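One structure is given here, and the rest of the page talks about it.
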Amino acid sequence: MQALLSVYNKSGIVEFSKILSSKGFNLISTGGTAKSLVDNGLKVQQVSDVTEYPEMLDGRVKTLHPKIHGGLLARPELAHHQADLNKYNIKPISIVVVNLYPFVETVSKESTTLEEAIENIDIGGHTLIRASSKNFQNVLIIVDPSDYKWIGERIQSSTDSTNVLSSITLEERKKLALKAFQHGCSYDAAVSQYLSKVELTNATTIQGVKGTDSASVNVEFPQTFLPLYEKKNDLRYGENPHQKAALYQCPGTGGIANAQLLHGPALSYNNILDGDAALKAVREFDRCACVVIKHTNPCGLSVGVNDSEQAEVYKRAFNGDPKSAYGGILGFNRTLTLETATALKSVFYEVIIAPDYTEDALALLSKKEKLRILRIPEAANQIQFTQPDIRTITGGALLQSPNPIIRGDLAEATKNWKVVTENKPTEQQMKDLLFAWRVSKHVKSNAIVLSKDETIVAIGAGQPNRSQSVDICMKVGGDKVKGSVLASDAFFPFADSIDLAHQGNIACIVQPGGSIRDQEVIDAANKYGIPMVFTGNRNFLH
């Protein structure tokens, strides 16, 4: 009986190999794996001794040989297969233990060159996986070190000296083969994504459109898109209790999928969706910000002049809609302080997200048993996530480049805006318009955002027509609406929303423009003396 072992991740390989050796397996290995086994007192046959060819081309060719792959692919029940093995002096290989070069870890480093990435594309190991998995009825393929323990126990307890593998059922071998194929598939997907450069936006690209939210990114979508996600854990249930769900993460990235849970119960499906919305919203701002999220929509958001205002920023965000804040998700883009923790502790929240927490703030918040406290360091960075937006649809998927973050100071960020009315906004109104426009990107369309002093006053989200969203804002905002500014994520098709804005004493309006009735809308704004600005860009969010 023969076992071939060639692993990059050597965790547990020595202990597992000792079990195989004790059961009479001839251990075949190569390179660093062979050295590790020999150093631990195991007898190993080098692959080069089996193939009668040395490793060559800087190790690129090791196991690619008929004496290896013939031993993996032969079917013992076929007489002509056995005849070929005998003719060419090839011995069957019953167990293959392989895991691949760390391609994802390598290319996740910014300093990695193309040449370094290419050298980390595994050829021999990948081929071993495919050959062994194809013949899973006769070959046991192991790619996951976590499987060593149970397989080792089965082999060790086997009483059939002529067929040790009979202790592993055919169904179990099939599952191991499936895991191996998935391991190889995810590896190929990582290589494909790297080589095709399907990072639709990156820091350099976004800086290239600084001061605008025009997604003028030169993107050529690939003919075949292979998303790479690895299962992190099962979730209690999905969006509703009768739905099953699991969380998958994209290796080498941050975000909500890789958040560190410091305290509280496991995240639910809905917690993760809301947490992701909170993270995206606070990363929109380069100053101290706090957002309150409910069902992926902001119901409160505010920014401060400096970081020392964090507690006050939270209070302003909360007061945007105190009723909706209950049971919501909080997001911060600065380390959460004790003062802020004290201010929010009396309100029930499901989740808090921050780049970090002071020791005393974490201790205080941890007294709330059901509160989930997440650390996401990149929440403090105003850097665009590089993953494309992916939406599954029946029979396919949609990909798009992300709606980029708006960067720069007031002048830079609004340099392409156009005042279209007789009256012009004041500088403070322009600050509030920019704030509201940034927020509108994170509100479900049709979206209307009212703000004052860079704080949300009211939000109208997800309505089938725009005037309904405006009307909701007026009712939710109440007396606070007077003197606030209004942002609309898309153009006004009719002047009725301007009439409603006037009734609510709205001070100023920002919208993309582009309607065939733009002039009617402008005329209505001029009629009421309301300054209005066109951005030239739309912020739909479906």
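Cβ from N, Cα, C; glycine included.
The model shown is predicted, which means the values in this text are computed figures rather than measured ones.
Here Swiss-Prot flags Lys134 as active site, proton donor/acceptor, drawing on similarity to another entry. For Lys134 (active site, proton donor/acceptor), other Cβ atoms within 10 Å of its Cβ number 15.
Around His295 (active site, proton acceptor), taking its Cβ as the centre, 15 other Cβ atoms fall within 10 Å, counting all chains. Residues or ranges marked as active site, proton acceptor in Swiss-Prot (evidence: similarity to another entry): His295.
Among the features that Swiss-Prot reports, IMP binding site is placed at Thr30, Gly31, Gly32, Thr33, Arg60, Val61, Lys62, Thr63, Asp122, Ile123. Using a 10 Å Cβ-Cβ cutoff, Thr30 (IMP binding site) registers 21 neighbours. DSSP assigns Thr30 (IMP binding site) to coil, not to a helix or a strand.
Residues or ranges marked as (6R)-10-formyltetrahydrofolate binding site by Swiss-Prot: Asp496. DSSP assigns Asp496 ((6R)-10-formyltetrahydrofolate binding site) to a helix.
Counting only same-chain residues at least 6 apart in sequence, those with a Cβ under 8 Å from the Cβ of Lys294 (site 'Transition state stabilizer') are Asp274, Ser324, Ala325, Gly327, Gly328, Ile329. Annotation comment: Swiss-Prot describes Lys294 as site 'Transition state stabilizer', evidence class similarity to another entry.
Take the CB of Asp496 ((6R)-10-formyltetrahydrofolate binding site) and look out to 10 A: across all protein chains shown you find 16 other CB atoms. Cα spacing between Lys134 (active site, proton donor/acceptor) and Gly32 (IMP binding site): 26 Å, rounded to the nearest whole number. The two recorded residues His295 (active site, proton acceptor) and Asp496 ((6R)-10-formyltetrahydrofolate binding site) have their Cα atoms spaced 28 Å from each other.
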